[in-house]
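What TrEMBL says about this one:
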- 1-24: signal peptide (SIGNAL)
- ASP147: active site, charge relay system (ACT_SITE)
- HIS214: active site, charge relay system (ACT_SITE)
- 392-467: domain 'PA' (DOMAIN)
- 478-505: region 'Disordered' (REGION)
- 490-501: compositional bias 'Basic residues' (COMPBIAS)
- SER568: active site, charge relay system (ACT_SITE)
- 686-782: domain 'Subtilisin-like protease fibronectin type-III' (DOMAIN)
Amino acid sequence: MKGISLFFCFSLFLIVSCIREAESASQAKNDDIYIVYMGADASSNGGTRHDQAQLISSLIKRNKNTVVHSYENGFSGFAARLSEAEAQSIAQRPGVVSVFPDPVLQLHTTRSWDFLKYQTVDEINSSPSSGSDSSPNGADTIIGILDTGIWPESESFNDKGMSPIPTRWKGTCMDGHDFGASKCNKKIVGARFYEEFDGRGTKMAGSARDENGHGTHVASTAAGSAVAGASYYGLAAGTAKGGSPGSRIAVYRVCTSNGCRGSAIMKAFDDAIADGVDVLSLSLGSSPGLEELSKNPIAIGAFHAVEKGIVVVCSAGNSGPDPKTVVNTAPWILTVAATTIDRDFETDIILGGNKLIKGGGINFGNMTKSPVYPLIKGNSAKLNKRITEEEARGCVPDSLDKNKVKGKIVVCENLQNDGFSPSDRLLEVKSRGGVGFILIDDDLRTVAPKFESFPAAVISRKDGTEILSYIKSTRKSKSLKNPTLDNGKPNRHANPTKKPRNPVASILPTVSTTKYKPAPVVPYFSSRGPAANTPNLLKPDITAPGVTILAAWPGNKQPMFNILSGTSMSCPHVSGIAATVKAQNPTWGPSAIKSAIMTTAIQTNNLKAPITTNFGSKATPYDIGSGEASTSRPLKPGLVYATDVADYVHFLCSVGYDISKIKLISSTVPNDFSCPKNSSSELVSNMNYPSIAISGLKKYKTKKVTRTVTNVGEEASVYTAIVEAPTGLRVQVIPSKLEFTNNSKKLSYEVSFRASSTTKEDMFGSITWTNGNYKVRSPFVVSNSD
């Protein structure tokens, strides 16, 4: 007993000494917030509990406001104000997995300009539905939303007809500024927020209320109640409801106007695990290339949530179309890319002679239907010789001559990489007296930028070429500068059907159209694979509607609904599907639900052709993962791939964790477990994942992987493998038939890949198991690079 006391005192002495040694450094520099991650929850490891308590106690003795958050429900650790020297010292302590600066993550909406927002889909409608009346609609599942909060007064969060809150729910509704506990109901069952501090470390008033709009939009997309007559100022009118309208919502406000702090995100994960959520939805993430696993708060929190049986769904990011931009790539996360839906916001442009150009964007202008407004190219209104042709063509700030622009519609081009946003260009036209704005931009034509009451449209490069040719073909009139205007106003006596001597046009108010083809299409912004740090893991996993999505918005005035785009919007669609699958299959774990969603995805558009990108090329798994999520098929997938903690532990081995750290991270690792001597990316390829990624396959070489499927359909079933492989790649499945019986629920198979030619391009294909009723498809990618 005496020896134990001496050891305790000596340990405490070392901890206090380490902190005191570093205090001199913190005197000279303001302390920053660091996250100290200590692995699995303390209840599973008495040593961890002791180490955490001693560290926190020592820090509080120095300054009672030092510790910002303590993590103790789903995992262990804390966030505290530390000097760099203190952080380095604590990182060497027993029981500490990692110490890293508190990162600030960002929401995954497209914010290329302040009023770039987007459209709606009442439900994901990319596949035949089994009928909403017979589906469980996510009844009583609880979706946790980590975001900017919620606007509880929105009709999307009414709880009419909902049953009492499940007794398993252990969460709370926190009182805060302008958000009392009474704001929660049977729909919003919980609301938490995490304190903000000013530059002096003083706590600021907090609240779960959403002042941004993002969290409200996301929550209603995932689980909003049905609201009839929803629209954005009359556009996209219809009934708006979430993907899982029967689910409950638990709100965790982790984002502020300054971004989303990693320390708050980890605290929200910790709370959500204890509260009892079924699904966690995160429409936020880091920048591409900054996802070091040991310093990634989302990956860390998600690991422990999944270990506790919670499905974690995250957005893939908005850094496309460049490769290796996908984020939230840990294998235990369901990573969601974005696609368009079959609704378009059409803004018609009428040229002289009544030639019609179908543009996009949203405007509520009041131009006459007759093309009577002078039309001019940006470079025809160049301010002076110091302005380049490219600057004037792009309508960049301070490039146009107001005397040449006044009273005209100006055609501008997005020439890329000039650093200016569409709003910058529009403002240049408007400030110079222009009456209309046409932007040539293939990317933005896919989405629907808002122009409010100013007449404006976005057009494709193809349509832009036609308009520019029209301008060039019209004759200039020296005798009459503008034959269709009379003292600056439209001339009622002008004949719009007769080709004018000067180019003219009109931009009509926007209308919404449905059954737009092709759809879905991968938009420019959706982040692409492969995963930068793990080439043997195929990401993203899935895609879902994320362009021009209409959903609830804060405020008591119009608009009560708003239109946004981004993988932020696609993520909650999949979260809603996951909640619905969980409701119908309550015993399924997170990996089974993920597998059901991935293996039943759709790869074709509404033209019955392969899904394409907005550039017109066929989408690959780097763009859409397994494909477009279906609302009904995951409910009965036939077979599932169960990825267990052992798979994830081998993944940790492959990315460089040693066994001592891994045992701190996961409480379920067997005592006799050790990482393979040659832990490499090959281990990742052999995870029991619903997709397959192979790297380093050289000509005439063979690589093999093994997969195990669990039968969740008819007990006696025979599944046959169908392989789709590109030329130059031989793919063999052994056995090619799987016979399930009452006693054999799980069966394994091996896939061998052999390259018969050399190619610099990655090769894509798929393996589909079918019994006639179900199709269980796994995409694969094979690369010859390491």
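Positions of Cβ are set from backbone N, Cα and C atoms, glycine also.
A simple way to gauge crowding: the CB of ASP147 (active site, charge relay system) has 28 other CB atoms within 10 angstroms, across all the protein chains here. Remark: secondary structure over the domain 'PA' (392-467) totals 28 helix, 16 strand, 32 coil, with classes taken from DSSP. Each residue in the domain 'Subtilisin-like protease fibronectin type-III' (686-782) gets a DSSP state, and the totals come to 0 helix, 58 strand, 39 coil. For the domain 'Subtilisin-like protease fibronectin type-III' (686-782), the model's pLDDT averages out at 95. Long-range Cβ proximity for SER568 (active site, charge relay system), meaning a same-chain Cβ under 8 A and a gap of 6 or more residues, is found for LEU107, HIS108, THR109, HIS214, HIS217, VAL218, SER283, LEU284, SER315, ASN318, GLY546. Over all protein chains present, the Cβ of HIS214 (active site, charge relay system) has 24 other Cβ atoms lying within 10 Å.
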